[in-house]
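Chemist: Below are the features I grabbed from TrEMBL:
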DOMAIN    26-224  domain 'Poly(A) polymerase nucleotidyltransferase'
BINDING   Phe100, Gly101, Ser102, Asp113, Ile114, Asp115, Asp176, Tyr247, Gly256, Val257  ATP binding site
BINDING   Asp113, Asp115  Mg(2+) 1 binding site
BINDING   Asp113, Asp115, Asp176  Mg(2+) 2 binding site
DOMAIN    230-373  domain 'Poly(A) polymerase central'
DOMAIN    377-431  domain 'Poly(A) polymerase RNA-binding'
Amino acid sequence: RRSTTRRGRRRTPRVDQVTAMAALDKPLSEAGPTPMDLKLSADLEARLHLENVFEAPEECTRREEVLGEINEALQQWCKARSASKGIEEDLDPRCNLYTFGSYRLGVHGPAADIDTLCIGPRHLTRAEDFFGSEWTGYEGSFYLEMKNHPGTDQVVAVPDAVVPELKLVFRGFEIDIAYVCMGSYVSVPEDLDVCQTSILQNLDDASVKSLNGCRVADQLLRLVPNHDAFRIALRALRVWAKERGVYSNVLGYFGGVNLALLVARVCQLYPNAAPSMLVYSFFQLWDAWQWSTPVMLAPIVDEGHGLRVWDERVNKAERFQLMKIITPAYPAQNSTFNVTRSTLHVLKNEFRRGREACGQILMSKKRWESLWEPLPFFTMHKHYLQVTIAAVSEDDFKKWEGWVHSRLRTLVQGVETCSGGALVAHPYPEKKKDPSRDAAMHCVYYLGLGPAPPPEPGAPAPRGTLNLNPAVEQFQMLVTNWVNRSDGTLVWQPGMEVHVKHMKRKDVPAWASAGDGRATPDAERTAADPAAAAAAKSRAEAAAAAAASAIGT
């Protein structure tokens with residue numbers, strides 16, 4: 001009886017929390033913007049032009065041309081590869097190219113990468129046809145097609161990632177291409193709607209995850225009431241996250257999707273708010289949020305296609321996830337499952353700081369750039385871990401660096417565990433280069449070490465051992481046992497190295513800490529689109545005059 005009662009006590013609050021969040025579909029305020037809100041929003045947009053987050057029209061045109069060229073290459077490869085498999089031309093074998101990520105949401109900036117998805121016919125598989133095999137010299141694969149393309153500057157295949165993709169540098173643009181083989185079609189319809197759930201039937205896990213990039217972006221835009229205000233607020237918060245060192249999903253911080261979901265939720269609660277108030281409300285809401293409660297844009301629905309849907313009432317492991325930001329498209333997943341105690345501590349501190357900075361901005365005591373003052377990372381901690389990643393060739397290094405970087409989070413968790421909870425590790429997303437070494441074959445990451453916060457206000461700080469050798473050894477063993485997921489072969493090669501070194505603040509190299517915490521002076525900034533920047537400045541001046549007039553009356 002006692003066990004049953006205790007289980008009931010544990011489960012009931014979670015059910016209530018999920019139900020309450022699913023039912024929270026009404027706005028908290030439908031008030032429109034005041035003249036001061038409009039003035040602050042115009043100031044924010046003008047400042048974002050100085051931060052160079054808007055793309056010039058010429059570069060936007062080039063980006064569209066590059067996507068058109070990639071699509072043309074895909075269609076040619078699809079027809080040629082289909083012919084080699086005996087598919088007649090009368091069947092018109094074709095594939096579709098979709099975009100997602102920041103480009104699909106309309107918040108990409110100059111030189112931003114482009115996330116794309118190719119949906120191909122049933123007879124062209126990901127492993128054999130899209131990536132190809134080293135044993136056959138990649139003959140007939142799209143990888144080889146792009147490697148030999150005159151517009152390709154660089155191409156790297158990542159077939160064993162959670163979302164397998166080709167990473168291209170094509171005519172100066174970074175482009176990631178994922179691939180899904182659609183078993184229902186010989187010729188993929190041009191008007192195929194990726195948001196219909198029937199498209200997910202009989203797909204493997206990698207294909208579902210690849211499709212969900214497009215599905216989440218489209219569903220998010222459908223659920224946001226004011227796209228213009230959403231995009232301005234999201235652009236501002238992307239600048240904040242990058243400058244404050246919390247923009248890296250792989251390290252346990254925010255990625256583009258997580259941040260977009262949080263901003264979209266604020267837009268739902270304040271559908272008529274100006275961008276300035278959305279940014280302010282963002283920090284007000286999430287600084288006060290209890291992260292054991294999931295953040296959802298829409299109720300979770302299991303549409304019955306046999307895919308695992310996030311549900312902490314059923315899946316016990318999901319109850320212990322520290323941050324729960326749920327994607328709105330089926331199958332619903334927690335987009336922040338990899339947040340650790342250390343990175344949650346960093347994020348909470350940044351939410352609090354952002355709330356305080358926004359309060360000062362709204363009272364006209366500070367300007368918008370104070371919100372995203374660069375993080376003085378190398379003066380924040382007394383102790384650091386230096387993680388050096390190196391290989392003996394450029395190709396090996398590109399693959400090796402990506403793999404080790406994706407596993408740095410386990411080193412953070414190792415520090416937490418091996419210290420008995422006494423320490424937290426603060427990973428810094430920006431990679432550094434030692435000028436004395438070949439820049440193409442090494443990089444360096446840093447983790448700041450500090451005392452863990454008490455579990456509850458007023459409680460004593462955790463105590464434990466400060467011997468981090470077991471954490472380092474476990475991390476090095478994990479990354480060197482790098483196995484290809486598809487065939488089980490060992491990917492690690494001699495010459496692929498990772499070294500972890502403890503150092504005090506005074507021992508951090510000057511080349512690593514150069515420019516730490518210092519922003520580029522406005523005099524040295526140039527907007528990518530000067531005409532749009534000038535127009536934004538004029539709008540800010542007009543909004544300031546209108547606000548002054550409203551206050552005067």
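Backbone N, Cα and C define each Cβ position, glycine as well.
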Chemist: Sort the residues of the domain 'Poly(A) polymerase RNA-binding' (377-431) into helix, strand and coil with DSSP and give the three counts.
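Modeler: With helix first, then strand, then coil, the domain 'Poly(A) polymerase RNA-binding' (377-431) has 27 helix, 17 strand, 11 coil.
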Chemist: Would you find the one among the binding-site residues Asp113, Asp115, Asp176 whose Cβ has the most company, meaning other Cβ atoms within 10 Å?
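Modeler: Sorting the candidates by Cβ neighbours within 10 Å, the top entry is Asp115.
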Chemist: Can you give me the average pLDDT across the domain 'Poly(A) polymerase central' (230-373), rounded to a whole number?
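Modeler: For the domain 'Poly(A) polymerase central' (230-373), the model's average pLDDT rounds to 94.
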Chemist: If you take the centroid of the Cβ atoms of Asp113, Asp115, Asp176, the listed Mg(2+) 2 site, which other residues of that chain have their Cβ within 8 Å of it?
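Modeler: After dropping the recorded site residues, what remains is Gly101, Ile114, Thr116, Glu165, Lys167, Glu174, Ile175.
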Chemist: Which residue counts does DSSP give the domain 'Poly(A) polymerase central' (230-373) for helix, strand and coil?
Modeler: 77 helix, 6 strand, 61 coil
